[in-house]
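Since the structure comes first, as structure tokens, the remarks are kept for the end.
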Amino acid sequence: MIKQRTAVLAVGLLATMSAVLAQTSSTDEIAKYRQMLADGNPAELWEMRGEELWKTRAGPNKVSLEQCDFGKGAGVLKGAYAELPRYFRDVNKVMDLEQRLVHCRVTLQGLSPAEAVKTPFGAAGKKSDIEALVSYISAESRGMKMAVSSAHPMEQRAYETGKQLFFYRGGSHDFSCATCHSVDGQRIRLQELPNILNPINAQAAYTTWPAYRVSQGEVRTMQHRLADCFRQQRFPEPLYASDALTAVTMFLAKNANGGVYAGPALKR
């Protein structure tokens, strides 16, 4: 009887070890695949188009976006994304990159709010100007350390609101963001789920968005990533460029402080 139990335990242990090794091997292979493709990231095409859109006169006012201020002065993009979201005095609120970009398209170029958020996410045969612009603007912070401020009371409030939304459970599955992203070692199929409460994981996760999604053939922004998370939780989908998404972004970005920005990256 003891020998039989020992044999059963041994078989179970081997099966467990095999599964762990298989997962580790798969993770390693995916990492190698990403590294192999990194030098030819298709996101570069979005960056190039974004730069052209940034400099092109458009909208009813026939002006470019080159005077848009992301917090470091009108038209200054170097290092801007690494410090977003942030408080903007001219609107008396905290904005992330996408929210601020929509604001500039309205105030500078004269687009209506509806026109400014039209096609926020691209699809086959339907390009998104916003995704291209976000790719270009964020790329201007590549190699710089994340340094998101919480000095202003509204920045502190946005962080706390984002934290509450991160842990808020609801939907038909009673899920929260934390369900998948607050424990080490979790995964869905071959996809690792970073523990955002771990500073190293938070840095690695946040600093690679926006990213070219191989599975979708598009560059996806942080707001798209968050909206998709809410969808998978079976929550009502938040409005694009909403304060709720900016608050969650603030929570994630602040937790990633000190990490070196490496986007737009390449992801599954």
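Glycine is treated like the rest: Cβ placed from N, Cα and C.
Noted in TrEMBL for the protein shown:
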type     : residues                       : note
SIGNAL   : 1-22                           : signal peptide
DOMAIN   : 49-146                         : domain 'Cytochrome c'
BINDING  : CYS68, CYS104                  : heme c 1 binding site
BINDING  : CYS177, CYS180, HIS181, CYS229 : heme c 2 binding site
BINDING  : ARG225                         : substrate binding site
ACT_SITE : CYS229                         : active site, cysteine persulfide intermediate
Of the binding-site residues listed as CYS177, CYS180, HIS181, ARG225, CYS229, the one whose CA lies nearest the CA of CYS104 (heme c 1 binding site): ARG225
Whole-number Å value for how far CYS68 (heme c 1 binding site) lies from CYS229 (heme c 2 binding site) (Cα to Cα): 30
The domain 'Cytochrome c' (49-146), counted residue by residue under DSSP: helix, strand, coil: 36 helix, 13 strand, 49 coil
Distance from CYS68 (heme c 1 binding site) back to CYS177 (heme c 2 binding site), taken between C-alpha atoms, in Å: 32
Listed binding-site residues (CYS68, CYS180, CYS229), ranked by Cβ neighbours within 10 Å, top entry: CYS68
